[in-house]
Every structure is written in C-alpha cells, then in structure tokens.
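> Mind having a look at this structure? Questions to follow.
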Amino acid sequence: MRVLTGLQPSGDLHIGNYFGAIKQMVDAQEKSQMFMFIANYHAMTSSQDGEKLKQNSLKAAAAFLSLGIDPQKSVFWLQSDVKEVMELYWILSQFTPMGLLERAHSYKDKVAKGLSASHGLFSYPVLMAADILLFDTRIVPVGKDQIQHVEIARDIALKVNNEWGEIFTLPEARVNEEVAVVVGTDGAKMSKSYQNTIDIFSSEKTLKKQISSIVTDSTALEDPKDHENCNIFKIAKLFLDESGQKELQIRYEKGGEGYGHFKIYLNELVNAYFKEAREKYNELLEKPSHLKEILDFGATKARKIAQEKMQKIYEKIGL
C-alpha cells in the first residue's frame, strides 16, 4: 500500500507536527511504501524569499531525517526536484472546475487571515492533487483541515478516469483521531500561527520558556488537580505509555504539587524524548552537501516513477 505525504518547509517543527504527522510517517515505513517530500513549491504561496526557502528546505530535511525518516525505507525528496509534478498540475487543471476550487475552505481561511489571494494559493489543491496522483497514492495521512483537499484530488481523478479510463488510483484521506489535534501552550490547537508551540529543535532555554508559558487554572499547590482539563497533562501524555499516564494522573489527584512541578516534569520529558534527534539534527545541518545527496537519492527514485506515469498520460492526451 502506497502512502504519501508532503510537509512545507515553513520553519521550526513543533511537537504538534511530530505527533500529528511525522511519527505516523516513521511508523508507516515498516509496513507501507512510504513516499514523503518537502513541499517547497507549496511553501511559495506564503513566501517568495528564495534564500529563506532554500535554508528552510535543508532544515526540514535535517529535521525529518533526525526524527526517523529512513531514506532506505522511504522515498524522500524535495518537491521541486521532480518537475513532472508541475506538468501534471497543468494537465489536471484542465479537468478542474472553478467551482470546485471556490469551495475550498483552506483558501478562504488563508485569505481571511491576510494571505495574498494569488492564483497559486487558489489552485493549491490542484498541485496537491498532482502530488498525490502522480505516484498512484492510496493513502494520504492528513490533519482534519486537509481532508477536503484529498477529496478534491479524488474528484479530479474520477473526472480524468471517466475521460481516459482507469489511469489514476483513487486516494483516501487518513486522519489519526487520537492525535488529530495536539494542544498548544494556550489550550488551542498547536500552530505557528497562534504562537503557542513547543518547538522540537529549540534551545533548552527557549524550550523551558515555552513550557513555562502553558496556561493553567488557579488550583492551589496542596489541592488535587483536574488532569483531564490540564494543558500540561494533555501534552505530557503524548510522551507517556499507559502506566506513565496513570502515574502522572495519581500525582494530580493526590495534591501537594503545583503546576510548576508538572511543567518541570514535562520539560524533562521533552528533553529526554528528543535528545538524540537534536544531536543528529545539528550534525546534519553541518553537512548540507550530505543532505543534498540524500534528497537527490530520493528524487531519482521518485522521478523514475513519475516519468513512467507521465508517459501513460502523454499517450492519452497526445503529447
């Protein structure tokens, strides 16, 4: 079963990115054909700063590799290194009704938040469809806010298949409900937009500051505390197995510890969990040529599959 996902190189990764998406990708490597790319074309909808995009792409590659993406088990590449995706994007646009794109929630939301209403942003779902359909993807792991884009890709695939025969595999969105939403320091969904993140590769000083900012209620130190509605507990349980969660729950119910104690505990959890990943991340950033070699290795494999797919499409469209 082929699984594909792409993540934009939009700066520092946070634990919401990891538990909401990256961990599932790493786990999927053992039982599925995992295709993963750094979506630098998509990132251009929010920034056209070339040097920043280049550096963020290298940082993203280092981050994903340090967190467990294995280029020997997964096909891992930079989106712009497989040009066929832009060719398919143009072809698919001929099968995409304007009304389908006008109904896209993501476009409306981003424009409402002040992002420029460019053609690139408007047609973002068509490029995402090209990413998915080019590789005959069966499963697309996404957050709830991206389900509609996978549905659009499926609609486009059906329209093309009705015209040309069964040329595209119909994709399905997969949402991990258990970690569909990772709460941020303010209790809302963790997001860079909300400035409520706990960043994976930040300094220990920054990490401590972010965890210290977690919003809690005013329950006194000596009193029992409600773990179910506590943002610290909601984040901490991501790092704990069932017995660890139970032990922490008992500490909450017993009383005698303040939220400051639990923040110190969470800080220790996060530091220990990502210690090796941080070390590897810093090592990789010092070797940009090695990162490029890894991305080139993945792009070669992805390009071969893409070219074979495009050859079939050329025959259908007369190119």
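One is the number of the first residue shown, and numbering goes on along the chain from there.
Heads up, the Cβ atoms here are built off N, Cα and C, so glycines get one too.
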> Name the residue range among 189-193, 209-213, 279-283 that Swiss-Prot annotates as motif ''KMSKS' region'.
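Checking Swiss-Prot against the ranges 189-193, 209-213, 279-283, the motif ''KMSKS' region' one is 189-193.
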> Do you know which of 9-17, 216-224, 243-251 Swiss-Prot annotates as motif ''HIGH' region'?
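Checking Swiss-Prot against the ranges 9-17, 216-224, 243-251, the motif ''HIGH' region' one is 9-17.
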> Where among the binding-site residues Lys144, Lys192 do you find the Cβ with the fewest other Cβ atoms within 10 Å?
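The binding-site residues Lys144, Lys192 were compared, and Lys144 has the fewest Cβ atoms within 10 Å.
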> Does anything in the same chain, at least 6 positions from Val182 (ATP binding site), have a Cβ under 8 Å from its Cβ, and if so what?
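When sequence neighbours closer than 6 are ignored, Val182 (ATP binding site) has Ile15, Gly16, Phe19, Gly20, Lys189, Met190, Ile235, Leu238 within Cβ distance under 8 Å.
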> Could you count the residues of the motif ''HIGH' region' (9-17) that DSSP puts in helix, in strand and in coil?
3 helix, 1 strand, 5 coil
> What's the number of neighbouring CB atoms sitting within 10 A of the CB on Asp131 (L-tryptophan binding site)?
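The answer is 26.
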> Which entry in the list of binding-site residues, Gln8, Asn17, has its Cβ near the fewest other Cβ atoms, using 10 Å as the limit?
Gln8
> Helix, strand, coil residue numbers for the motif ''KMSKS' region' (189-193) per DSSP?
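The composition, in the requested order, is 2 helix, 1 strand, 2 coil.
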